[in-house]
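As recorded in Swiss-Prot:
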SITE      Arg18  site 'Transition state stabilizer'
ACT_SITE  Tyr23  active site, proton acceptor
BINDING   Asn74, His80, Asp87, Leu101, Ser102, Arg111  substrate binding site
ACT_SITE  His100  active site, proton donor
Amino acid sequence: MKKILLLNGPNLNMLGKREPHIYGSQTLADIENHLQQLAKARGYCLEYFQANGEEPIINRIHQSFQNTDFIIINPGASTHTSVALRDALLSVAIPFVEVHLSNVHAREPFRHHSYLSDVAKGVICGLGAKGYDYALDYAIQFLKSGK
């Protein structure tokens, strides 16, 4: 069974509580459980991991080397600051999609730059929790196509 890893970065554990007018009312657990059910129904294994620090996320990316087929990542604020996260993703050579709940381009200027976007298969932003569904759909189609 092909494996997809869902990674969520800093502060995403606060979904449903933190600024719901920006990030929505669903909790991270709601999103993870929903995606896991969708993946399972389509014959895929979905694992998930969230951390508020850079090191645990990088370690989890390294652990995925040669045993994960696709990564869906919402790096949170690390999007705009972490060269190390970019290097970790490049080092394992696993295709990935970058997801953001809010439209980062409609927010503060410091949120407009991503260290990941140019090496991602795609970027989904501004569509709320539904963006994760679209990322999962893309991951499955990508894996089915054998690219």
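Quick reminder: no glycine exception, Cβ is built from N, Cα and C everywhere.
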* Asked: If one looks at the chain holding His100 (active site, proton donor), which residues at least 6 apart in sequence have a CB under 8 angstroms from its CB?
  -> Asn74, Thr79, Val123, Ile124, Cys125, Gly126, Gly131
* Asked: Counting only other Cβ atoms and using a 10 Å cut-off, which of the binding-site residues Asn74, Ser102 scores lowest?
  -> Ser102
* **Cα-Cα distance linking Arg18 (site 'Transition state stabilizer') and Leu101 (substrate binding site), given in Å to the nearest integer** => 12
* Structure fact -> Of the recorded positions listed (Arg18, His80), the greatest number of other CB atoms within 10 A surrounds the CB of His80
* To do: Could you measure between His80 (substrate binding site) and Arg18 (site 'Transition state stabilizer') for me? Cα positions, answer in whole angstrom.
  => 19
* Number of other Cβ atoms within 10 Å of the Cβ of Asp87 (substrate binding site) across all protein chains -> 13
